[in-house]
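Encoded as structure tokens, the structure appears first; notes follow it.
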Amino acid sequence: MASTSAALVNGLGSSAFLNGGKNAQILLSAPIAARTAVSPKRFTVAAAAAPKKSWIPGVRGGGNFIDPEWLDGSLPGDYGFDPLGLGKDPAFLKWYREAELIHGRWAMVAVVGIFVGQAWSGIPWFEAGAAPGAVAPFSFGSLLGTQLLLMGWVESKRWVDFFNPESQSVEWATPWSRTAENFANATGEQGYPGGKFFDPLGFAGTLKNGVYIPDTEKLERLKLAEIKHARLAMVAMLIFYFEAGQGKTPLGALGL
């Protein structure tokens, strides 16, 4: 009896019954024994692929100008913006993403430094180089030497690591640490080293028994947030340059 009831329910849920017509009438008028022989059709539900995000959402078509075929949406913040076709070559695309990331990080630091520096000293950011002592207790020579030595050292290692990943994770990586793990890439992704040294607060991972374990979900969310803020900061710096050409400052433009 249970098997007969189940067969009847399956028959009522089949496309033959739901679509009506002769098939439904035959199904209802047939004896119960005959209904058990009616096998329901199987339905296959396929999830549609998420559409690629566009930098002009309201426009369809346009070929590679609107929807470049070489941008598949796999990069964080990829909205298909490459009107000049700079990323057609995968090697160049990787390099341009690295350059965008580094310039964006410097722009974010610069924007904060411009606001804080002027609020602290009252000196416009484009005049701070003439009086570095007003912003920080260092002379121009010491600042220049520090930047050339430290920044040059770090940037040279980043450059080498870009073309030869993990090559800089060696015992002599840093003079203040003999632990190669500090400079190792804990996430396995270029530009996002993570680990105890680069993610000490554990924003994109956790420490378990002294071992850094990256959190993929957190990392992807932070990568998208970072590139969005980085692009906004680069646009802000461009505006600051135009303001400086007119002798204005960001705080002055805000009336502060």
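FYI, residue positions are counted from 1 along the chain as it appears here.
In case you wondered, yes, glycine gets a Cβ from its N, Cα and C as well.
Note: TrEMBL annotation is automatic and uncurated.
As annotated by TrEMBL, chlorophyll a 1 binding site applies to Glu100, His103, Glu226, Arg231. Long-range Cβ neighbours of Glu100 (chlorophyll a 1 binding site) (same chain, at least 6 residues apart, Cβ-Cβ under 8 Å): Ile227, Ala230, Arg231.
Under a cutoff of 8 A between CB atoms, and with a sequence separation of 6+ in the same chain, the neighbours of Arg105 (chlorophyll a 2 binding site) are Glu226, Ala230. As annotated by TrEMBL, chlorophyll a 2 binding site applies to Arg105.
Contacts of His103 (chlorophyll a 1 binding site) defined by a Cβ separation under 8 A and a same-chain sequence distance of 6+ are given as Ala230, Met234, in order along the sequence. The Cβ of Arg231 (chlorophyll a 1 binding site) has 16 neighbouring Cβ atoms from other residues within 10 Å, across all protein chains displayed.
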